[in-house]
Amino acid sequence: MQYLNIKEDCNAMAFCAKMRSSKKTEVNLEAPEPGVEVIFYLSDREPLRLGSGEYTAEELCIRAAQACRISPLCHNLFALYDENTKLWYAPNRTITVDDKMSLRLHYRMRFYFTNWHGTNDNEQSVWRHSPKKQKNGYEKKKIPDATPLLDASSLEYLFAQGQYDLVKCLAPIRDPKTEQDGHDIENECLGMAVLAISHYAMMKKMQLPELPKDISYKRYIPETLNKSIRQRNLLTRMRINNVFKDFLKEFNNKTICDSSVSTHDLKVKYLATLETLTKHYGAEIFETSMLLISSENEMNWFHSNDGGNVLYYEVMVTGNLGIQWRHKPNVVSVEKEKNKLKRKKLENKHKKDEEKNKIREEWNNFSYFPEITHIVIKESVVSINKQDNKKMELKLSSHEEALSFVSLVDGYFRLTADAHHYLCTDVAPPLIVHNIQNGCHGPICTEYAINKLRQEGSEEGMYVLRWSCTDFDNILMTVTCFEKSEQVQGAQKQFKNFQIEVQKGRYSLHGSDRSFPSLGDLMSHLKKQILRTDNISFMLKRCCQPKPREISNLLVATKKAQEWQPVYPMSQLSFDRILKKDLVQGEHLGRGTRTHIYSGTLMDYKDDEGTSEEKKIKVILKVLDPSHRDISLAFFEAASMMRQVSHKHIVYLYGVCVRDVENIMVEEFVEGGPLDLFMHRKSDVLTTPWKFKVAKQLASALSYLEDKDLVHGNVCTKNLLLAREGIDSECGPFIKLSDPGIPITVLSRQECIERIPWIAPECVEDSKNLSVAADKWSFGTTLWEICYNGEIPLKDKTLIEKERFYESRCRPVTPSCKELADLMTRCMNYDPNQRPFFRAIMRDINKLEEQNPDIVSEKKPATEVDPTHFEKRFLKRIRDLGEGHFGKVELCRYDPEGDNTGEQVAVKSLKPESGGNHIADLKKEIEILRNLYHENIVKYKGICTEDGGNGIKLIMEFLPSGSLKEYLPKNKNKINLKQQLKYAVQICKGMDYLGSRQYVHRDLAARNVLVESEHQVKIGDFGLTKAIETDKEYYTVKDDRDSPVFWYAPECLMQSKFYIASDVWSFGVTLHELLTYCDSDSSPMALFLKMIGPTHGQMTVTRLVNTLKEGKRLPCPPNCPDEVYQLMRKCWEFQPSNRTSFQNLIEGFEALLK
């Protein structure tokens, strides 16, 4: 983009603002007619007149934009202004129109950025982000390929508005510093008239002599200057008039005709000049007599009296510099004096007055928009909260002025920081609220939509919703789809756009006759359909929603905005190294996940003026357990993350020390210790405001991390440390978020399950899903803890029940306060993309705090939803899976929704003729299973009761491949020795876990090992499993109703005693089955019967025992390596104490697999 650089005798040209043309462009300021009118500054636009009804200011702005051809992209630069009250309307303000009301509003560009045109070399240019510029960052030079801020229609409107503002003195001329400066300003104003008249002539395609006689410079200069000229003598007025005509003619001949200057160039030049000619052009200044700048530890009030006179302060908001404040300066006038001596004295006096007021007149920076987290309005008092917990409070003249002020800051925030967020609910634009609820973007361009799809994986059916850049009544849906081509092997990825039409509040897909009352309803309908276009068919899957501070063409790139762009985490580890000689280890404080916690002292040596001073700093030492040195890298990654942050509510990391085999994280010592313990101790004295302060401080820290795109990964009350109790003081509590410890990416699945419900559900499925969204889930759970005084949610649940809790998409029971419950529910959404941004969380917590809900009396959480209880009416039988003497197992679908989408489960129940003993056995089996959690043990899902609780069914996961006994013969060609040994390792791991919990299985056989996949097996059927008493090494069976004797160890057959070593014997038999592919001719029963001969009843057991005493064992299976058979034989030692262990077997098999 190129702009004109005009050099003229009139030294008045160089900046930006707003203009008018001809008599027709003058806005009628007579008393308004009844009704509501929206006035435009364009000469060819009739005012927008509204009929009876209810409208929002945003609605009217859209209508006005359509009337003036302003694009949806530039529409958010405009707002409605009431010249009578001198107030702007917030976008959500409701206007009720009836016959009695009379209101005139002006449609104006409100949000302005100086040097948007790039013609001022002394100031950084301003542009819209474009896909090309996104990677390059901010450049000091002009960017020829950057996207301009304004479109043609917006520029035209701004030009007309600028003329009006200059003439009507809405944009006041800057104050002259000297008399000569006053003359220069007058010349600049005449130069503006030259530009305006030249533009008018070019638009009308007229030569200067052809212009109407009433087109005079007087109509294009400020009314105050025009009045001043009229008061001068006739000769002076004639001289000004002749000089202006000569200059206009010369400008036309030398510049307009010779340089091929366009009307666009003249508009840009006029507006650029307006920026330097006027005072604070594009800025809004608010006056207050009460101003407070504060942080959590200090306050600075500015509302004192000066000798009985109230001191006023000014707060200025500009697009380029953000929010600034100062004392309101005294007005210093320049008096005209012909006498040179007296004039010099006056100028000296003026300089002295200027120096006196210099300090008062200087603007102090408070904040640029991306720093702001939320804004609160209470009547006429506005509180602006920053990320560093500093706050500005100012009292304005009315609630309406407060809304006007906040809507200004909120609008600039969306233009510079985050296009899809609002800072204050009181001024929330309805369209932004709609977009957030529906995951819809503003009018981002196609390139950004496609880039977003690519960044999120470009899976088929993934889509982006976005408003059209050109039409207010259309939403575009950009979808990833794949076109299969006969010419090209495989499918070609394509991005297709679909148009959604919005008419009279209803939504429909272009080309479809069916419409819906909301965008959400339409999308729900479309997701069930197969969409077709250009020989491509697909189904919609996942919507890519707006993300916090996402870069797009909706954002304006100013110098300050670029400074606040997220700095993404360093790819390399970075932290300060601490020497071991500088650390003194203190007492042991406890254990973390794979770490030991100690108090300690850090010796800090400072060289002050040649003298070395030793300072002792109290610290916490987190020592990685030397047995887990394999995860040292993950430990250092956590330290590196903490090294990148600096926030008052996050614990400070001094550095890392490597001491011999120990890796140590050295952190700030926080006096009050973990928050959960403190809340338990002080639960009786904790108040609602106290809890809200804790929640806000945590949200502030997490919002800071979100802005830096950093993930904590372990947010909970035990990781919140209390630096100040704040129960008896006005300051309140002060908390610090500690380090996350070992990242979940290196934790076992069991360790992840233990962290339910703090860990996000998607991270349980795959720890690689860890993202900022996971911290939002954790925040919701931590908010629950804070509400209930540090109570532990799901504390009585077993691991299997916790896992089921997530599988059933449950949440902890929320408090009775509806708004607080809603916030927790939104944070704990099972769709990570639906969780709110932390800025929105902070805003909502502050809004909720105003209501002061009672969250203290909720002493104990209500009963949790039990996801392990299955209702009988939703169990739909599919087929039988197996049957025994007393029970059976069925395949069922648990389908509470009634749409055949429920999960398939295995249901074990007793036959009707079974007696009370069998019911007790099934209950014992259920109790055992619900306490077991291992990847190689079949999962317990719950129970189903019937007959008033007398009947019971056991619900387990269904593994469709069946048992090894069924699976191996059918898949013999796919299963080699290596895979057989892997199965053996998995069975041993499951049995080793079972033994560690003091259980004996008593029925380990191939028929009871189930196949989850080609690569994983699980131990099932715990009907005979028994618990060994703590003071014994074995379990004695009272009966042998259905004992699998050919898998039993000798002590089981002779004495009915079952040791863990007895399961080892059974494993050896199972391994034999595994290596013979469960061939019926080679089954343990078939082979043992060949050894002992025909027999039946108790004689079978007697002969089997004698055979085993003789040292006879099952033979080596065909093609079984001797090393494997030797491991098998170690399982069959006659004495239990001589047998190998499951741990030794695991090591032996793994050595063979290497």
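Using the three backbone atoms N, Cα and C, a Cβ is placed for every residue, glycine included.
Keep in mind the model is a prediction, meaning the values are calculated, not measured.
For reference, Swiss-Prot has these:
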type	residues	note
ACT_SITE	ASP1003	active site, proton acceptor
BINDING	LEU881, GLY882, GLU883, GLY884, HIS885, PHE886, GLY887, LYS888, VAL889, LYS908	ATP binding site
DOMAIN	439-544	domain 'SH2'
DOMAIN	583-855	domain 'Protein kinase 1'
DOMAIN	875-1153	domain 'Protein kinase 2'
MOD_RES	MET1	N-acetylmethionine
MOD_RES	TYR3	phosphotyrosine
MOD_RES	SER228	phosphoserine
MOD_RES	TYR1034	phosphotyrosine
MOD_RES	TYR1035	phosphotyrosine
VAL889 (ATP binding site) CB neighbourhood, other CB atoms within 10 A: 19
Cβ neighbours of the residue listed as 'active site, proton acceptor' where a neighbour is any other Cβ within 10 Å: 21
Rounded distance in angstrom between the Cα atoms of GLU883 (ATP binding site) and ASP1003 (active site, proton acceptor): 16
Model confidence over the domain 'Protein kinase 2' (875-1153), averaged pLDDT: 86
Three-state secondary structure, which DSSP defines for GLY887 (ATP binding site): strand
Number of helical, extended and coil residues in the domain 'SH2' (439-544), per DSSP: 18 helix, 43 strand, 45 coil
Lowest local Cβ density among LEU881, GLU883, which the record lists as binding-site residues, within 10 Å: GLU883
Spatial separation of SER228 (phosphoserine) from VAL889 (ATP binding site) - C-alpha basis, Å: 101
Other CB atoms, at most 10 A from the CB of GLY887 (ATP binding site): 19
